[in-house]
Amino acid sequence: MKPVAAGAEVLPADKVAQGTNAEEEPLQQENPFRYVLFPIQYHDIWRKYKEQESCIWTVEEIDLGNDMKDWATLNDGERHFIKHVLAFFAGSDGIVIENLAQRFMSDVKVPEARAFYGFQLMMENIHSETYSVLLDTYITDSEEKLRLLHAIQTIPCIQKKAEWPVRWIGSSASFQQRLIGFAAVEGIFFSGSFCALFWLKKRGLMPGLTFSNELISRDEGLHTDFACLLYNSHIKHKLPRERVLEIIVDAVNIEREFICDALPVRLIGMNAELMAQYIEFVADRLLVSLGEEKHYRSTQPFDFMEMISLQGKTNFFEKRVGEYQKAGVMSTEGTSKKFSLSEDF
C-alpha cells in the first residue's frame, strides 16, 4: 500500500462512520476568497480544469447518419442491450449532475476545484443530452422511448443500479467517502457498458454511437482522475484501506450483476466471465490510482481495449488537444496517475 502523504491521517473506523469535521480538511475550510480564481493557489487542480476545458465538444459534432442502417441489421438481443445501456446512461448522468450541484460544489471551498466541478457539470449535461438524442434517434415507438428515458423509475435492473449513487448524494458520510463513492460510479459503474460499446466499434457497427462513447468515456476518465488527484494530494484524513475496499468491492459487485446477469453482455456476443474479469481489472486500476494496492489482481482480458485510451488518443482529440497546446492551455500538463479503463499497470 502506498504510504499516506506527509501530514495525512488515516481515520479509525468509528470516525469514518460518523464522518469528519469538514473544517479539518483544507479543501473544505471556509475561504473568504473563494469567489475569485486568481491568484491560483492549487496549480495541479487548475491544470486539471484546463485539461477538461480543452476537451469540450457538443452533440452536434456526432454524425448519426449511418447508425440507422446498422440498427436495422442488429438482432433483437443486440438492440435490447444497446437500448438498456443508453437508458442507464441517460439517467445516471442526471444523478452525477445532482451530486455536483447539491453536494460537491458546496463541499469544496477552493475556487480551482469549484471551477472543475462547474465545468464537469456542464459536460455531464452534454453527456445526458447525447444519450437522450441517441434514444430519440434509434427508438421510433413513443411509448417505448418514454419508458427508456424514465428507466430509473420503470426498469428494475436500472433502478437497482441507480439506487447506489443516489444514496451517496443523501449520505451524511464524510466528503472523502463520498468522493471515492462517486469515483467508483464514474470509474466502475460505467466501465462494463463503455467496454461493451467499444466491442461494437471493433465489429465496425454504429459509428455515431461508438464515437460518442469515445468522447464520453474519455471525459469520465478525466473526472475519475480528478477525484484521485483530490484524494491523493489534497485530502488530509485518508480512509482506512478496509473502508476504501468496502466501497470499491460494493461497486464491483453491483456492476458485475448488472452487465453480466441483469443485462447480459452475451446479448451482443461477449463473454460474461471475461467481462466480470475486466470489471475487476478496472477496479484494481482505480485502487492503484487512489494509492492502494490491487485487490483482485485480474488481468486485462480484452485485446481490443488495449487500443482504447481515455487520455485522448483518438484522432478527434489529438487534433483538439494539439490546438490548445499551441495556445499554451495544456503545455505543462503531466501524465502521472491517469485513470484508464484499458491500460495495464
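Backbone N, Cα and C define each Cβ position, glycine as well.
In the record from Swiss-Prot, residues Glu124, Glu220, His223 bind Fe cation 2; the candidate from Glu78, Glu163, Glu186, Glu257 listed for the same site is Glu186.
The record from Swiss-Prot ties Glu124, His127 to Fe cation 1, and of the options Asp67, Asp70, Asp76, Asp93 it ties Asp93 to that site too. Counting only residues at least six positions away in the same chain, the Cβ atoms of Asp93, Val96, Ile97, Leu100 sit under 8 Å from the Cβ of Glu124 (Fe cation 1 binding site). Within 10 Å of the C-beta of His127 (Fe cation 1 binding site) there are 22 other C-beta atoms, taking all protein chains into account. Taking a C-beta cut-off of under 8 Å and a sequence gap of six or more, His223 (Fe cation 2 binding site) has these contacts in its own chain: Gln120, Glu186. With a 10 A radius on its CB, Glu186 (Fe cation 2 binding site) counts 25 other CB atoms from all the protein chains. There are 25 other Cβ atoms within 10 Å of the Cβ belonging to Tyr131 (active site). Other residues of the same chain near the Fe cation 2 site, with their Cβ within 8 Å of the Cβ centroid of Glu124, Glu186, Glu220, His223, are Val96, Gln120, Met123, His127, Val185, Phe190, Asp219, Leu222, Thr224.
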